[in-house]
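Quick look at what Swiss-Prot lists:
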- HIS159, GLU168, GLU297, ASP322, SER374, HIS375, ARG376, SER377, LYS398: substrate binding site (BINDING)
- GLU211: active site, proton donor (ACT_SITE)
- ASP246, GLU297, ASP322: Mg(2+) binding site (BINDING)
- LYS347: active site, proton acceptor (ACT_SITE)
Amino acid sequence: MPVEKLHARYVYDSRGNPTVEVDLTTQHGLFRAIVPSGASTGVHEALELRDKDASKWGGKGVLKAVQNVNEIIAPAVIDAKLDVKDQAAFDKFLLELDGTENKSKLGANAILGVSIAAARAGAGEKGVPLYEHIASLASSPQPYVLPVPFLNVLNGGSHAGGRLAIQEFMIAPTEFESFSESLRAGTEVYHELKKLAKKEYGASAGNVGDEGGVAPDIQTAEEALNLITEAIDAAGYTGKIKIAIDAASSEFYNEEANKYDLDFKNPDSDKSLWKTGEELAAYYSELIKKYPIVSFEDPFAEDDWAAWSHFVSTTDIQIVGDDLTVTNPVRIKRAIEEKSANALLLKVNQIGTITESIQAANDSYDAKWGVMVSHRSGETEDVTIADLAVGLRAGQIKTGAPSRSERLAKYNQLLRIEEELGDKAIFAGPKFHLSRAI
């Protein structure tokens, strides 16, 4: 069924910045998508088109991207009478219309909004849920797999104030029978953590960062990890809930010195304490020995390939590429060849279409990698990634703490999907890393 109407507008994300919303109308109704945006963005990501007009929204407006949908994409798509059920052909048309490698002509935020809306319309036309439509597009095996929620309960780095360099400390409730039990345990730990943070660091420590995690004035990773393990113990889930880290280390990498500064938010940081890639790897290895860490994302800067490969060869946990791979097939291929990671962080707005996201996931699965579907720090009420995680059989999702509506929207959607699927789905649990093969 072709598109009858396509219209974009700007709305606001969870950080109060403008983002693109797209409405796509067919005979079956109106289908809507909202595009997220990131705070720590990889230099190799598809281009998020911002207006750069300092007089409006501090230069972060998206009026140009909206205009590109309404004046360029919409008439072309309607004219071409594209079938919304054929996602690959639809997305190919969008890519050819843009014609650049990084989607800089029309903007990845314009293209993605249309791509997601088309996927929703395709599902609507088939009369199936979005996750089922995606599973069909991706040729995912049955049964469906509900993902382990990687809950970002403590924020540092670019997502919070304080001096903590590492960006995210997550809990992963793996040792449970269902997604709903897993999420319940995670929320109980989160509430214990808030109580402990307030007790230890004062009332303001209960305030939350961009992704809903607490952001106490913590200096070191050990301090953060001790607080989290104490919360897990207090909630009664020792051994059942694991820990994951997203270092987002490109944020504290000093290119000139080729070293990592774990005190990068301090203007008087002691340069003698800056670490080489190997020294940082040794530090991480000590943390992995001491705490129940099962996954480590972006341990090194996005182009420090040697440090990544060295770390993967010396550890047996999941090493996730985000800034390293930016959901980009070329960089994923290189990372697979150089054994620089063993899991992909899948962010649809890093690559810009549903089809390319599916391809990135399938390329990763073919290499026996894990795939973790992810939100961005600037999120909205759009729940597409919940359906994507189930449709791709990813087995793991990170979409913030169990706090703030834009984060909970995704977890709540997963609860609905779990209820709807019943015994047609299983929970990934401790097999989250290779859930495609469960």
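Every residue, even glycine, has its Cβ placed from backbone N, Cα and C.
Reduced to three states, the DSSP call for LYS347 (active site, proton acceptor) is coil. When the binding-site residues ASP246, ASP322, SER374, ARG376, LYS398 are compared by Cα distance to LYS347 (active site, proton acceptor), the shortest distance belongs to SER374. The Cα of GLU297 (substrate binding site) lies closest to that of ASP246, out of the recorded positions GLU211, ASP246, ASP322. Each of GLN167, GLU168, ILE245, ALA247, ALA248, PHE296, ASP298, VAL320, GLY321, ASP323, LEU345, SER374 belongs to the same chain as ASP246, GLU297, ASP322, is absent from that list, and has a C-beta within 8 angstroms of the C-beta centroid marking the Mg(2+) site.
For ASP246 (Mg(2+) binding site), the same-chain residues that are 6 or more apart in sequence and have a Cβ closer than 8 Å to its Cβ are ASN152, ILE166, GLN167, GLU168, MET170, GLU297, ASP298, VAL320, ASP322, LYS398. Between the recorded positions LYS347, ARG376, LYS398, the minimum number of other C-beta atoms within 10 Å of a residue's C-beta occurs at LYS347. Per-site Cβ counts within 10 Å over the recorded positions GLU211, GLU297, ASP322 peak at GLU211. Cβ neighbour count for SER374 (substrate binding site): 27 (other Cβ atoms within 10 Å of its Cβ, all protein chains included).
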